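Just below is one structure, and these are the notes that go with it.
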């Protein structure tokens, strides 16, 4: 093991070897001379003449024979022969130098131990011996120089090398001692300083009283039950943590799809007789596709639906076989009120096409009664979808827009109805949700259900997300309810919408009047004579794009030509000049100029927020003001002609790079839920509508009162006085 004294030992070992070689010179080893001249070799203990043919005995100093041998050659040495013979005795210094070097080498070996190496005195002795050894070695070399100059041999130079090594060993011994002394002096200074030595710290620690340890009761050790003897499990749990491959901060917010916006993925089912697409059904969950909690059963779009009248009360008598939920009917289209009441749509009709299933009358004149007030039960839940069944007239001939005889089809509803655009063969959610079994009575024809009037449907919750369909602009419905998308130029302009422009296609489809395939206009639904009270069941005006009939109103308004110039009306951007002239000069069926269907220009207004044109409203409900013409738009006479603007001057209808071109075209965040009503100023319960005078008159007229239930099982209490239908509504959905 290396120690600080190791270099010292190495140097002294080398010096001792060199001095030993010089001592063993001629005549002991004839090959090692200290000096050589005219065939005579010199050593420490004698000499040899005639090329080592004859040697002197081993002794200290040279005898008289050397002088005789060098009688004629003595003048060639620097010293006379007598002086050289006297100095030859000093050659004994070579063995002394070797001996001192050996002693110093032994001391250096002892300095490798702990006690001598940490003793300043021992190292001091080593250093002193080293100095003495250096002096002796130096003296031996000087004797060689004096005796043999200028005929020195290589043996004398070995003594010089040994002298140098002894000097270096003395320096090493001095350094060792100096290091040790400095270390001890520093330690002494530290011991004298109480703060540096830590004495004060330990004194303070000793003064602090340690609280006695509490003796906890020992629990007896039971083999296999408790105790550290049988518990060989580690006292702590170790876990391995893997580095995340991707940080959450680097994941885009739109990486996860919020919901399946089109759950009705269509596929062919070979088991279906009609060969149409099936509607897949997902398992019910506690939330809809937008994350909003639901209380009742939902359809495939996550919209809450309530069961139909027959599904909610399968044990009721009559059903739609002529009796409904009220008294036995004697004909007419009425099949009973919606769920929650027991009155019909009026008194039974008389006469008509003949008896219906289980009924005693046929298709008679229109009923003369009003709507029966609600009796037992409650109003249908919001979003209730009335049962859509075929009309009894199918047995006698299909009405306009219906299928072949005996085939049941779903009665088309308004665009706002939940069943809009859906296949007639699609099963309802209410029947699937309540597990109603198919009975023979389900195949019987039934009169169509009038849709609710506009404004009577419950307002959707504020803040609920609504996904717009790509073609209709309404909540998504199966795609088979619309005609297939034609080749490019469907929306005009020679530009095809991409698949990502779903919202734009839906808005353009609504504003250009594209209707679902296979359905007829609302004006063709009612084929019978309607009485004055029956106007309550008429459908509201269909949505008409804004500014479509302004030209018609302008033509009927005196001075309209002077207010708005025809060139200043919005025209399609990609329409040619010929199309513009035709659209301005050729009046349509309603007297308004015909709009070009090749236009890409559309109003950037959501359909449900657009105000219908007053000119297209039907007969106004009694008690309400008639249609009003919007005020004229006073534009400067010399204003720019928007029809003359080339493509690209306005906001484009579609974009090649981005799905959205303006803020109004951006979709609604499907995951946004509004705060409680108490935290949203301006949002509160809708004000109650004032009762209509005509409704009050009809309710007070006994001719429009429905009789109480007759023949019901167990009977039922008579209708409570004071009940009436909701003002402004065509359905007896609840109490006022």
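Here the Cβ of each residue, glycine as well, is placed from N, Cα and C on the backbone.
DSSP labels the residues of the compositional bias 'Polar residues' (201-210) in these numbers: 7 helix, 0 strand, 3 coil. Taken from Swiss-Prot, the feature compositional bias 'Polar residues' applies to 201-210 (among others).
Residues or ranges marked as compositional bias 'Basic and acidic residues' by Swiss-Prot: 240-251.
Residues or ranges marked as compositional bias 'Polar residues' in Swiss-Prot: 254-269 (among others).
Annotated compositional bias 'Polar residues' per Swiss-Prot: 473-482 (among others), in sequence order.
Residues or ranges marked as compositional bias 'Polar residues' by Swiss-Prot: 513-540 (among others).
The feature compositional bias 'Polar residues' is assigned by Swiss-Prot to 573-586 (among others).
Summarising the annotation, Swiss-Prot assigns compositional bias 'Polar residues' to 656-667 (among others).
Here Swiss-Prot flags 201-226 (among others) as region 'Disordered'.
Per Swiss-Prot, region 'Disordered' is recorded for 240-500 (among others).
Per Swiss-Prot, the feature region 'Disordered' maps to 513-736 (among others).
Outside the topological domain 'Cytoplasmic' (1-8) by six or more residues, the chain places 108-109, 111-112, 117, 126, 169, 172-173, 176, 179 with a CB less than 8 A from a CB of the stretch. The topological domain 'Cytoplasmic' annotation in Swiss-Prot covers 1-8 (among others).
Averaged across the topological domain 'Extracellular' (30-89), the predicted model reaches a pLDDT of 79. Annotation source Swiss-Prot lists topological domain 'Extracellular' at 30-89 (among others), citing sequence analysis.
Positions annotated as topological domain 'Cytoplasmic' by Swiss-Prot: 111-122 (among others).
Panel annotation: around the topological domain 'Extracellular' (144-151), residues 34-37, 42, 76-79, 84, 87-88, 91, 159 of the same chain, lying at least six beyond its termini, place a Cβ under 8 Å from a Cβ of the stretch. Under the heading topological domain 'Extracellular', Swiss-Prot lists 144-151 (among others).
Under the heading topological domain 'Cytoplasmic', Swiss-Prot lists 173-736 (among others), citing sequence analysis as support.
With a threshold of 8 Å between CB atoms, the same-chain residues lying at least 6 positions outside the transmembrane segment (9-29) that come near it are 41-48, 52, 55-58, 94-95, 97-98, 101-102, 104-105, 108-109, 111-112, 133, 137, 140, 155-156, 158-159, 161-163, 165-166, 168-169, 172. Here Swiss-Prot flags 9-29 (among others) as transmembrane segment.
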For the topological domain 'Cytoplasmic' (111-122), residues assigned helix / strand / coil by DSSP: 7 helix, 0 strand, 5 coil
Counts of helix, strand and coil residues, the topological domain 'Cytoplasmic' (1-8), according to DSSP: 3 helix, 0 strand, 5 coil
Surrounding residues of the topological domain 'Cytoplasmic' (111-122) on its own chain - C-beta under 8 Å, 6+ positions past either end: 1, 3-6, 8-9, 176-177, 180-181, 184
Folded-back contacts onto the transmembrane segment (90-110), same chain, C-beta under 8 angstroms, at least six residues removed: 5, 8-9, 12-13, 15-16, 19-20, 22-23, 34, 44-45, 60-61, 116, 122, 125-126, 129-130, 132-133, 136-137, 139-140, 143-144, 147, 159, 162, 166, 169, 173
